[in-house]
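Handing you this structure, nothing more for now.
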Amino acid sequence: MGPGLLCWELLYLLGAGPVEAGVTQSPTHLIKTRGQQVTLRCSPISGHSSVSWYQQAPGQGPQFIFEYANELRRSEGNFPNRFSGRQFHDYCSEMNVSALELGDSALYLCARSL
């Protein structure tokens with residue numbers, strides 16, 4: 001069995017339901033293989049128009065990916081174009097990562113603000 005068959009991508013999401021942070025993320029855990037695509041969802045509690053996405057790799061602090069406000073991308077960090085997203089009229093947001101790489105294994109967080 002070659003080493004490529006044993007290489008799995010593990011993507012974690014924090015928050016299985018509404019909490020004080022004011023967001024619901026889904027799915028909460030996800031296992032994908034290299035080269036696949038993934039869609040992560042974030043639903044903020046109503047009244048919060050801005051959603052930010054972060055990646056936290058093992059042993060590191062969170063890194064800013066991008067922020068959406070009122071359905072428009074307001075700012076973005078230094079991530080490749082494989083990371084894309086959008087925000088809907090109800091302020092829910094999706095982040096897509098295409099062509100997964102080993103370095104994408106991380107905890108992914110979304111945060112809301114007014």
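Using the three backbone atoms N, Cα and C, a Cβ is placed for every residue, glycine included.
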Check for me: which candidate out of Cys92, Cys110 does Swiss-Prot give as the disulfide partner of Cys42?
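Checking Swiss-Prot, the candidate bonded to Cys42 through a disulfide is Cys110.
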Rounded to an integer, what is the Cα-Cα distance in Å between Cys110 (disulfide bond) and Asn96 (N-linked glycosylation site)?
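About 13 Å separate the Cα atoms of these two residues.
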Rounded to a whole angstrom, what is the C-alpha distance between Cys42 (disulfide bond) and Asn96 (N-linked glycosylation site)?
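So the Cα of Asn96 (N-linked glycosylation site) lies 12 Å away from that of Cys42 (disulfide bond).
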May I ask which residues of the same chain, at least 6 positions away in sequence, place their Cβ under 8 angstroms from the Cβ of Asn96 (N-linked glycosylation site)?
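Those within reach of Asn96 (N-linked glycosylation site), by Cβ under 8 Å and sequence separation of 6 or more, are Gln37, Val38, Thr39, Leu40, Phe83, Ser84, Gly85.
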